[in-house]
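What TrEMBL says about this protein:
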DOMAIN    34-74  domain 'EGF-like'
DOMAIN    117-153  domain 'EGF-like'
DOMAIN    323-361  domain 'EGF-like'
DISULFID  327-337  disulfide bond
DOMAIN    756-868  domain 'CUB'
């Protein structure tokens, strides 16, 4: 857009946002027809003034040493003041300046003001034949014994001992001896001296060597009287003038103190005084035992700073380093956090995959070779399930499908809550662990109506002599009733004296989509309730007729005719499958089961296994009659039972004898009943292949691709999937709700959560780039609005921010009053800054936007904020604008420490909470230098609450 203005022509350009400007923003580029009056000599500035050109005009200012308004300038006579311009002898004013000079016999000191005595004797002995004596402002020649000084005052003449002539030793003249009539002598004095009344001695005057005075000399009847410049003081000798601390700090680098003998220079801690008695040199403390620092020592002027490696924090002694336990902080990891010295790792529960360093997303096992399922793979949250077509049933290995028998079994799946245990050598605490159960309904009269989906929350009640009822809820599971012959009678109850009751509660879903014109939602609910009551009546009758059975890990359990009685003594007990270790409940690990009679964990006996924790029985091996070579107890899974076909092998039941996978097939797992075909007619290099990579493909696909057995070409992995290996025939689905930026991804790190992060509260909160601390996704946009309660203002801390500057500011973070690019901007950046910064909002509310393009990516940011009472606005700004807050790395780390920031924000948001922290706690949390910095400011902050 073209804009005309009186001063020239302006072009309005819409530019992409970058640091310091709106995003996007409008920029005016103007061309003015300006005349440089200064360059063309069109100004009326004084000769002793400077001309500075401005837009459409100019301005005049007098040069240093002149005074006036620029068009008239007069010389400043610096010598007119009472200090004589600071000169101790003569001050000479010159145009625009002044200079000091010294009398004969003196020289100008380095400060350009003081005058120092010249030691003439240093130059050729002052021209003296015998001895040269330096005096203030002059010098004297003297002769050895038996000689006297000639009239030229430099050479020496041998004395005579006869008569009264000037050659006689006792002629009596102090300076010059002249022959007089009748053999007498007359005495004279050198220039600058006066002959005394006795006509022999000479009296010094101010005309010779300034009377022996260093600064000022005044002739009196008793001789010259010395005085000093006002900024100096007289030495004890009555002639010399000593510098005081008022003159150039006495020449001292640091501390100056006036003493009777002159100035005394000293240095602060961290410096040492040099041989000249004035200069201070910094002591490099890091050269001695690393300054006492545990990790890093950085020398500073007059001091030093200790700092720690990443993952460690400096203790309050400001020297020792301590590991930061990231796992003690909230939101460090989605599931499990494992602290290590200087770092930490996150681990996910079984069935979840780690992404973005700290987050866990459901693993889609079905995307990897169909989950190993022979027929149908159904992914579930945190797990997956293999299913078979209607004419098949699931093999014991839970993956293969075999011909359906006369009796069907139905899995009641359970949800594991809490972190998966990783230790196999001890009991592991686990808040909830599910017992695998099979529910068998053996009623030939089961009608189709009862085949409806019934969701079962299963609740276990464990009764012992010492423990009260323990209720353990399970996830709803799909149970389908089907017809079948009656199951043979139960073999009997467990021999243990402790009884376990399982109560099954039913719940039917009402789907709003099933609402019709003839039956509204209320009608649908009543129909569902009627179906539920009918199903319960039928099941109650089946239980009474002993037609309904429950099987737990191979054991048929009796159906109780009455609900269990509640124990009269209620004491705290552990969950099913858990025992007491000290004051904690811990689950029995895999390979063991909890024995209620012995109240402890027992190893699974031979012929059984247990691959779950917190169980009360062990599963029988698939072939207990032929367990194979491994008969040791404590089997963790079916493969420990022995006799399984190894990867690359198969058999009709998964046990030996086995045969290798045929050419063109492969099998990566043990105990399987078939092998997977390579597909597309591809052969394998040999019998017994264990992976698709052993299939002889026409080309080898690189990471980020998969081999299409139909087209025999490598296809890029679609968006939302990745493949890190060579020669694969599928891509792995990204975990949870994550997505890749583009197709052809090669690593799990390219799976990113696009949800904008953060928590916005009235008093504290934070904003977070998507997928933080992993790299944020491309082409994303996030907006947040912080609108604090009335009479509160916003304080922001940016501990660190990672944005790629090489993107030409394609990725940026901006904080403004509103979404309008013309509104007041508080903060904007498109670069990486690892140094923290704290600042107050320029507006009472903040509109925040983060935007990324399709270019480079980075970690992004996690930015906390706090709102505070607006009465303390001036104080808070004083704190955050104090350079000492960021001066040392020690202080910078405080603004990066989530625990310390939380404490600071707690006090800022609610000042009365300051009293929650004792003085000792404060000293232990913050370094002394930080407390010293803020003590006076914090006391002001808290004054209204005292």
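Glycine is no exception: its Cβ is also placed from the backbone N, Cα and C atoms.
Heads up, TrEMBL stuff is auto-annotated, nobody curated it.
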Fill in the blank from the handout: Near the domain 'EGF-like' (323-361) in space but 6 or more residues beyond its ends, with Cβ under 8 Å, are 309-313, 381-384, 416, 418-420, 422, 734-738, 748-749, 751-753, 771-775, 897-899
Exercise for the section: Give the three-state DSSP assignment (helix, strand or coil) for residue 337 (disulfide bond). Expected result: strand
Practice task
May I have the DSSP-based helix, strand and coil counts for the residues of the domain 'EGF-like' (323-361)?
Solution key: 3 helix, 18 strand, 18 coil
Problem - Secondary structure composition of the domain 'CUB' (756-868) [DSSP: H/G/I, E/B, coil] - result: 3 helix, 53 strand, 57 coil
